[in-house]
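Sequence annotations record features per position, and here Swiss-Prot assigns domain 'Protein kinase' to 49-377 based on sequence analysis. Marked as ATP binding site by Swiss-Prot on the basis of sequence analysis: I55, S56, S57, G58, T59, Y60, G61, R62, V63, K79. Here Swiss-Prot flags D181 as active site, proton acceptor, drawing on sequence analysis. Under the heading region 'Disordered', Swiss-Prot lists 398-435. Residues or ranges marked as compositional bias 'Basic and acidic residues' by Swiss-Prot: 398-407.
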Amino acid sequence: MYGRNFPFFNSLGGFYPRGNGFPLDAPSLDPRKPSGTGYTSKVRVRDKYRIVGFISSGTYGRVYKAIGKNGEKREFAIKKFKPDKEGEIIQYTGLSQSAIREMSLCSELDHPNVVQLEEIILEDKCIFMVFEYTEHDLLQIIHHHTQPQRHAIPAPMVRSILFQLLNGLLYLHTNWVLHRDLKPANILVTSSGAIRVGDLGLARLFYKPLNSLFSGDKVVVTIWYRAPELLMGSRHYTPAVDLWAVGCIFAELLSLRPIFKGEEAKMDSKKTVPFQRNQMMKIIEIMGLPTKEIWPGITSMPEFSQLQSLAMSRAPHFNRSSNLENWYQSCLKNGGYSANSSAGTPGADGFDLLSRLLEYDPTKRITAREALEHPYFKNGGPISANCFEGFEGKYPHRRVTQDDNDIRSGSLPGTKRSGLPDDSLMGRASKRIKE
């Protein structure tokens, strides 16, 4: 069924490559097990890596492309964390919860469809995570196909991407890890077509939590990929939130645009999480209005009264039943998907899987394990471990620039003055730092 050298299924831990030395049972997140990725002390980034340029930045800090020194010629992505701040003033109060979670989880995780952490390097007032370098991500690939004179992402490529993504997700869920921020930008793709689930900054363990997951992080998952139970204010949630996001990604790979592209309502000054009215409207327009018949638990959701109000005010514009199949058929037609086209087609099996991923009721939503056994993957020939196999086009390399404050200031790791761009300001706490 699967192509040669493709991962095989193991009931304990998911799918693993054949003959690569993985044990038959899943690597577990056992605190008694010595971490495969240790914390490196008394080593500076510039001693081991040559910085090529700047990739991106975010709330966490900055990411750089690097090449190994001392005979190690592989490429790496180095994530440099910002210090925590009190207001606008650098206080060096420690690392964020997100950074600590990402470091602790990535140090233990080991799977071919999850991004590989090489090492963690601690420097004075600065910390770096060194990852394998991936040349692409799904957002970049989707954007490439939206350009004029370009066509739909071939159906076999979509199938391989989705299989590998679910494969990595099964491994995470089997080891009690929720990702909680799956979206195209966080799904990395190597130059050889291997999928890596990346950016575990919002990930967390969900085995017997002391408090509800909501109490720790009130807002999770980027709005367009946020599951309806989260939008409805659920105080506790399950791995099903990740599967909804996979459904959104599947739809986006086919249509080349987000299926539920709503506008996010921001939290107020009291950090109260608002009802995401616009996003819920976008979902209802395609999926129909959720009722207690199709989702019995919805009536007990904190935002149920808000949903009722929304339904009453927008009643003439809402479908009472799902419009997903019409959306899907229109998507296939507009994308040129058919059995006779070069793009191929995901067919009826593709729609069935999509509808089970985008199930309103999280208790009925398909799991990663069930999805991997779905006819969409069982039928239709072998699945390639290289999602680019058979694709004649070329995707552009990831953009790497010199346009970054660290590079201009000489504080980039690998230059003479390594560390944060503001490390020279220690002792001048009144100085405010521009972002």
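Glycine too: its Cβ is placed from the backbone N, Cα and C atoms.
The residue listed as 'active site, proton acceptor' and I55 (ATP binding site) are 20 Å apart (CA-CA, integer value).
Using a 10 Å Cβ-Cβ cutoff, G61 (ATP binding site) registers 19 neighbours. Confidence across the domain 'Protein kinase' (49-377), taken as the mean pLDDT and rounded to a whole number, stands at 89. If you take the Cα of V63 (ATP binding site) and the Cα of the residue listed as 'active site, proton acceptor', they are about 18 angstrom apart, rounded to a whole number.
DSSP gives the residue listed as 'active site, proton acceptor' a coil state; it is part of no helix or strand.
Calculated from their C-alpha atoms, the gap between G61 (ATP binding site) and D181 (active site, proton acceptor) amounts to 17 Å. Cα of S57 (ATP binding site) to Cα of D181 (active site, proton acceptor): a span of 17 Å.
A count of other CB atoms within 10 A of each Cβ picks out I55 as the most crowded of the binding-site residues I55, V63. Listed recorded positions: S57, D181; maximum Cβ neighbour count within 10 Å falls on D181. According to DSSP, S57 (ATP binding site) is assigned to a strand segment.
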